[in-house]
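Here is what Swiss-Prot records for this protein:
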type: SIGNAL; residues: 1-18; note: signal peptide
type: DISULFID; residues: C35-C50; note: disulfide bond
type: REPEAT; residues: 140-162; note: repeat 'PbH1 1'
type: REPEAT; residues: 167-192; note: repeat 'PbH1 2'
type: REPEAT; residues: 193-214; note: repeat 'PbH1 3'
type: ACT_SITE; residues: D207; note: active site, proton donor
type: DISULFID; residues: C209-C225; note: disulfide bond
type: REPEAT; residues: 215-235; note: repeat 'PbH1 4'
type: ACT_SITE; residues: H229; note: active site
type: REPEAT; residues: 244-265; note: repeat 'PbH1 5'
type: CARBOHYD; residues: N246; note: N-linked glycosylation site
type: REPEAT; residues: 273-295; note: repeat 'PbH1 6'
type: REPEAT; residues: 307-352; note: repeat 'PbH1 7'
type: DISULFID; residues: C335-C340; note: disulfide bond
type: DISULFID; residues: C359-C368; note: disulfide bond
Amino acid sequence: MRSVELLSLAALGSLVAAAPAPSRVSDLTKRSSTCTFTAASQATESASGCSEIVLDNIEVPAGETLDLSDVDDGTTIVFEGTTTFGYKEWSGPLIRFGGKDITVKQNSGAVIDGEGSRWWDGEGTNGGKTKPKFMYAHSLEDSTITGLSIKNTPVQAISVQATNLYLIDITIDNSDGDDNGGHNTDGFDISESTGVYIRGATVKNQDDCIAINSGENIEFSGGTCSGGHGLSIGSVGGRDDNTVKNVTITDSTVTDSANGVRIKTVYDATGSVSEVTYSNIKLSGITDYGIVIEQDYENGSPTGTPTTGVPITDLTIDGVTGTVESDAVEVYILCGDGSCSDWTWEGVDITGGETSSKCENVPSGASC
């Protein structure tokens, strides 16, 4: 009887040993795979487990988001061919990314085309048709978006709320909107972020090339901006997060735009702007202001009356040079009493326009 029991146990052990390892091997095999999708729903629903996701000539249905915010950590996302979107009046976004250690890139010749002219009516987000935001780079951590070619977004292009995100060699071309009613087509809108590094961007649009509304440790370098509203901080104030700190905007050009360098804070709001540096910025064809810093914005427009609730401190303007149009203002500074301080102002040489007679409370060292 004892020998039978031993034989039974031995047989059981052999069966266990011979059984395949459970999910670990199959999971690892699946994780190492490249998944190619030709439909947005496939990518959204089946991306889990793919180490690389290839989006092959995706046509996103009207009113839907190409949602890649729930992919596995470490995933690489590749755009192939032309990505397009069906038409519907809605708020969007058309694309959403999220996750940790994510890489987003495209193959040669690919383009992400918003076909924004279907929505453009000259009003942007201020009225008319409801227009979808284009891309949300939200909840990304330790990630990179590189080499994307984006064309004709309905309104704002890339909204960033992230930690340690690199955006490298991004092209946003909304130049078709110049004559077709493009409006509020911001390039990069940054808020509630820590560590955002935008390098080598090319932006052609009808609004801010970059707008930093809140966040810290932000860099914009080697950028080329044209047609829009320039390199902007703000408007700061009136949001959940109203702190902008440690920003460097450097080695960039702004051409044929309303403004070159701009900082704006909200009338009667609270917050702070500190440790901001603009350096080696080249301007040409500026139509409104070469440099404009004002603490008077309300409902998206200047009031002419500055307030002190969002101080601008430790600001460096170094090597901002170039030309503005003859009816533009070279430099305009409108600060509240004592709310602009510790500024460094060097190598500013802007010519061709008018000198403002309306500057107020210009801090020591700056000139207006």
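Cβ coordinates are placed from backbone N, Cα and C, and glycine is handled just like the others.
Structure coloured by features recorded in Swiss-Prot.
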residue : record                      : DSSP class
C50     : disulfide bond              : coil
D207    : active site, proton donor   : coil
C225    : disulfide bond              : strand
N246    : N-linked glycosylation site : strand
C335    : disulfide bond              : coil
C340    : disulfide bond              : strand
C359    : disulfide bond              : coil
C368    : disulfide bond              : coil
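With every protein chain in view, the residue among the disulfide-bonded residues C35, C50, C209, C359 whose Cβ has the most Cβ partners within 10 Å turns out to be C209. Cβ contacts within 10 Å of C340 (disulfide bond), excluding its own Cβ and spanning all protein chains shown: 27. For C50 (disulfide bond) paired with C209 (disulfide bond), the C-alpha to C-alpha distance reads 34 Å. Using a 10 Å radius centred on the Cβ of C368 (disulfide bond) and all shown protein chains, the other Cβ atoms total 19. The residues of the repeat 'PbH1 7' (307-352), classed with DSSP into helix (H, G, I), strand (E, B) and coil, number 0 helix, 27 strand, 19 coil. Confidence for the repeat 'PbH1 7' (307-352), expressed as mean pLDDT, is 99. With respect to their backbone Cα atoms, C359 (disulfide bond) and the residue listed as 'active site' stand 20 Å from each other.
For C225 (disulfide bond), the number of other Cβ atoms no farther than 10 Å from its own Cβ, over all displayed protein chains, is 27.
It is 23 Å from the Cα atom of H229 (active site) to that of C340 (disulfide bond). Long-range C-beta contacts of D207 (active site, proton donor), restricted to its own chain and to partners at least six residues apart, with a cutoff below 8 Å, comprise G124, Q156, H183, N184, T185, D186, G187, G228, H229. Around the Cβ of H229 (active site), 24 further Cβ atoms fall within 10 Å across all displayed protein chains.
C368 (disulfide bond) and C340 (disulfide bond) have their C-alpha atoms 14 Å apart, to the nearest angstrom. Across the repeat 'PbH1 1' (140-162), the DSSP tally of helix, strand and coil residues reads 0 helix, 15 strand, 8 coil.
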